[in-house]
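S.K.: Sharing the feature lines straight out of Swiss-Prot:
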type: DISULFID; residues: Cys204-Cys266; note: disulfide bond
type: DISULFID; residues: Cys212-Cys230; note: disulfide bond
type: DISULFID; residues: Cys218-Cys222; note: disulfide bond
type: DISULFID; residues: Cys465-Cys472; note: disulfide bond
type: DOMAIN; residues: 206-493; note: domain 'GT23'
type: DOMAIN; residues: 502-563; note: domain 'SH3'
type: MOD_RES; residues: Ser278; note: phosphoserine
type: MOTIF; residues: 299-305; note: motif 'SH3-binding'
type: TOPO_DOM; residues: 1-9; note: topological domain 'Cytoplasmic'
type: TOPO_DOM; residues: 31-575; note: topological domain 'Lumenal'
type: TRANSMEM; residues: 10-30; note: transmembrane segment
Amino acid sequence: MRAWTGSWRWIMLILFAWGTLLFYIGGHLVRDNDHPDHSSRELSKILAKLERLKQQNEDLRRMAESLRIPEGPIDQGTATGRVRVLEEQLVKAKEQIENYKKQARNGLGKDHELLRRRIENGAKELWFFLQSELKKLKHLEGNELQRHADEILLDLGHHERSIMTDLYYLSQTDGAGDWREKEAKDLTELVQRRITYLQNPKDCSKARKLVCNINKGCGYGCQLHHVVYCFMIAYGTQRTLILESQNWRYATGGWETVFRPVSETCTDRSGLSTGHWSGEVNDKNIQVVELPIVDSLHPRPPYLPLAVPEDLADRLVRVHGDPAVWWVSQFVKYLIRPQPWLEKEIEEATKKLGFKHPVIGVHVRRTDKVGTEAAFHPIEEYMVHVEEHFQLLARRMQVDKKRVYLATDDPALLKEAKTKYSNYEFISDNSISWSAGLHNRYTENSLRGVILDIHFLSQADFLVCTFSSQVCRVAYEIMQTLHPDASANFHSLDDIYYFGGQNAHNQIAVYPHKPRTDEEIPMEPGDIIGVAGNHWDGYSKGVNRKLGKTGLYPSYKVREKIETVKYPTYPEAEK
């Protein structure tokens, strides 16, 4: 009877644990009713969890019934086995209780995070607007008006930095910073496991493959993004990426001489059948599919940016300000794992240059971009935002020196910057600027230079650049892999973030807007706006898809429309 007394203690403990868990979740349901604006979607998820727990509780009840002392002889082996199962269930129950407690303590909820980021964006957009409008007043009349306008701008700068500092501390309060750190790490590890599983099939001869040739006719940043696009299609169609990089214009030995191979088990493109991309469904019986550049892709699959995986979307929206960039960054992270020699080169360059924090990264693209894809921007335009961000950093950390990592393809710019801004410490390697020139661009030395520039730009506390440049966007993408959420750690002098060949970038109107000029478009809440760009003056430009009208609209009156797609989830990667 003593053995059975011990068993019943376990049973009572299990039932008590599950009862506690049910009560705990039930309490959350009651508290949520105090907030009528809480989304029905979140409520239904909690109810679904509750239903599952009720079912598990019923299963345990039946198991407990089966362990009642029977009339007649006792099968000790069977009873011991059942008790062991119940012990395991108890451990799981305790873990779930702790997880729910942690979520309540640290997870502030998706709506809280969305609101926090909207306040942050609204404050910044207000600042852009006021700067633009008040600067216009300088030219109206008299020195007095100009002096007064300068004072207003100065005061507004203090206000804006105060708001941004408060928001930063809000983002870290009540364990939110620790939660965000852990959640971002968990999501990254999950995605990297899935990619690693896909890229390392047990039998390469039977694996479904997608072939991507790196030699697109463009520079390093563009070629890297080309491979990322291939990788995302491979991931979505459950095909192992085969990267063809021999005679790469930057390194004739191929990708693997610089970065780690994209696969340890499968680099051979051979297969029973081969064909050019004709769509996921049409290619289902083709083992090896060759992918064209994104400009020639037809039909276009749903896996292109700016879409994110459906199964990760809710978690990503909570933890990151731009889920689409985070998703792209995961493929960049996997691709640019350095070979040992490159890792050593980066370490030596870090020491030689004296790269340390706090530091702001500035990327100035000149040469072939100016006059074609981008306008000329003097160094003064960049340094305005550098100074603003150093003043913001000084609110929450000690700024011993105002360091700037300057990356440019204009060798004369470093001297100009040092002359004009002697109170800054410029960190730069002018040999990289020379190697980035048009005549030296496609060499191994140039590749080393652009990799180092991108590395240090991504390591900076803040990035000032032009998003029309692929190098700048790559640095921004890598930056996302180094922090839980670095989506706001930049200022672009021209474009908003985009991925070449992406699907439409849409926003949703949250406030109505009545045009005041012919340049503006009307909006009603819920309208879908196809965004063309942000003018960084409080207004963006786009098309109201319902009305078919293109024009300006206040940036704060919209929010991002998160596009999701049903990507494979690769459960085998967790085994």
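Even glycines carry a Cβ here, placed using N, Cα and C.
These numbers come from a predicted model, not from an experiment.
Quick one: where do these features end up spatially?
M.R.: If you draw a 10 Å sphere around the CB of Cys266 (disulfide bond), it holds 21 other CB atoms from the protein chains shown.
In sequence order, Leu210, Cys212, Leu241, Leu243, Leu291 are the residues near Cys230 (disulfide bond), counting only same-chain partners six or more apart with C-beta under 8 A.
Spatially close to Cys222 (disulfide bond) yet at least six residues away along the chain are Lys216, Gln470, Gly500, judged by Cβ distances under 8 angstroms.
Summarising the environment of Cys465 (disulfide bond), the number of other Cβ atoms within 10 Å of its Cβ, over all protein chains shown, is 26. The DSSP secondary structure for Cys465 (disulfide bond) is strand.
Residue counts of the domain 'SH3' (502-563) by helix, strand and coil are 3 helix, 29 strand, 30 coil (DSSP-based).
Its Cβ taken as reference, Ser278 (phosphoserine) is surrounded by 12 other Cβ atoms within 10 Å in the chains shown.
Restricting the average to the motif 'SH3-binding' (299-305) gives a pLDDT of 97.
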S.K.: Using all protein chains shown, find which of the disulfide-bonded residues Cys204, Cys218, Cys472 scores highest when you count other CB atoms within 10 A of its CB.
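M.R.: The residue with the most neighbouring Cβ atoms within 10 Å is Cys472.
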S.K.: Could you round the CA separation between Cys472 (disulfide bond) and Cys204 (disulfide bond) to a whole angstrom and send it over?
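M.R.: Roughly 36 Å, rounded to the nearest whole number.
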S.K.: In which DSSP state, out of helix, strand and coil, do we find Cys266 (disulfide bond)?
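M.R.: Reduced to three states, the DSSP call for Cys266 (disulfide bond) is coil.
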S.K.: Return the member of Cys218, Ser278, Cys465 nearest to Cys204 (disulfide bond) in space, with distance defined Cα to Cα and candidates limited to these recorded positions.
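M.R.: For Cys204 (disulfide bond), the closest Cα among Cys218, Ser278, Cys465 is found at Ser278.
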S.K.: Return the count of C-beta atoms lying within 10 angstroms of the C-beta of Cys212 (disulfide bond), excluding that atom itself.
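M.R.: Its Cβ shell of radius 10 Å holds 23 other Cβ atoms.
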